[in-house]
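Student: Pulled these from Swiss-Prot:
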type     : residues : note
COMPBIAS : 177-186  : compositional bias 'Polar residues'
COMPBIAS : 263-275  : compositional bias 'Basic and acidic residues'
DISULFID : 314-322  : disulfide bond
DISULFID : 321-391  : disulfide bond
DISULFID : 350-423  : disulfide bond
DISULFID : 354-425  : disulfide bond
CARBOHYD : 165      : N-linked glycosylation site
REGION   : 177-201  : region 'Disordered'
REGION   : 260-291  : region 'Disordered'
SIGNAL   : 1-20     : signal peptide
């Protein structure tokens, strides 16, 4: 819902700019809307007094976001030593070697974490029976082919404990990854099969845990580093052997049931006591306790798909929609007496053209809705034929500020959607 509201607000702001822009030859400039990006984009930048106008627009925007009618009047500033001591005690910032205050940007870190969570995928892979006894095979889904950074990976195993008395209350469960080392190359299928039987295998301990053997329950084994190594090697298969040397003393057993084992046990169950119904119930319960691998992963920062989604930076060489960097130092505008941190504001804004061939592509558009509208407009369909696309922010990030109010109180405020990160066509 917040994302839809933001998109609606940006589209409405863009429409206001188009409607309120003066016609050629008219005097003055239209009133700047609250959106700093749109306001700065409409200001003339090729005239000598353009910079002061842009700075004034930034000032008004900051005061508006802080819900202030005017800048606070700091007549008796707090002594710097007292200020720095309070900041250290309250952990709202840190003091650099030069004496400047650096605010703890918790909200920025939270926004980055939320963005990473949105880009993270969760994959659950159920175990298949391995080629050897007490081994499991996990085949990671192809959905994870673009995911190269493992956030978390866990193997879930169910330990079944009988109700009879036991001699042990704890058992150790170990997960050993099986690795193959081929011996040379094979030319024919027969040679390949023979080589597979003769190849060297090694085991590596990837997870170990001491668990309670007094009750039947699930146990979680972290295997993040092992899965990360597999992905780094371009592999998608994990073979592990489960070892529990003390389990036989307690009567406990790990449920290691895959599809292959189920078929084998179905045949055995029919032979024993002719109890097909009872065996079926047990098998169903066993299947509900089937081991699985839970994987949380995301794309790397340099993944080509992620790079394509980033907006353009204005470099003076392009005239299509891009982000223009604009930094205002609070010291330069005389506001460092009441704003403690940060030292300035990145008042980035969007500018540039949105030609039909650019606005109609999903990679540069604000939304799928914008792409559809532009496709209709290109075909001359009413009522979209006369609509024009404009360059607006598509991604905003928050900003934290530390400042004095009129009562000389120190205020820390986290302001959402303050800094333009990316631009696109509406």
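Sequential numbering from 1, following the chain as shown.
Any Cβ shown, glycine's included, is placed from N, Cα and C.
What's the neighbourhood like for each of these?
Tutor: When Cβ atoms from all protein chains are considered, those within 10 Å of residue 314 (disulfide bond) total 21, not counting its own.
Residue 321 (disulfide bond) falls within neither a helix nor a strand when secondary structure is assigned with DSSP, and so counts as coil.
Its Cβ placed at the centre, residue 350 (disulfide bond) has 29 other Cβ atoms within 10 Å.
Of all the Cβ atoms in the protein chains shown, 24 others lie within 10 Å of the Cβ of residue 354 (disulfide bond).
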Student: Would you find the one among the disulfide-bonded residues 322, 423 whose Cβ has the most company, meaning other Cβ atoms within 10 Å?
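Tutor: Result of the Cβ crowding comparison: 423.
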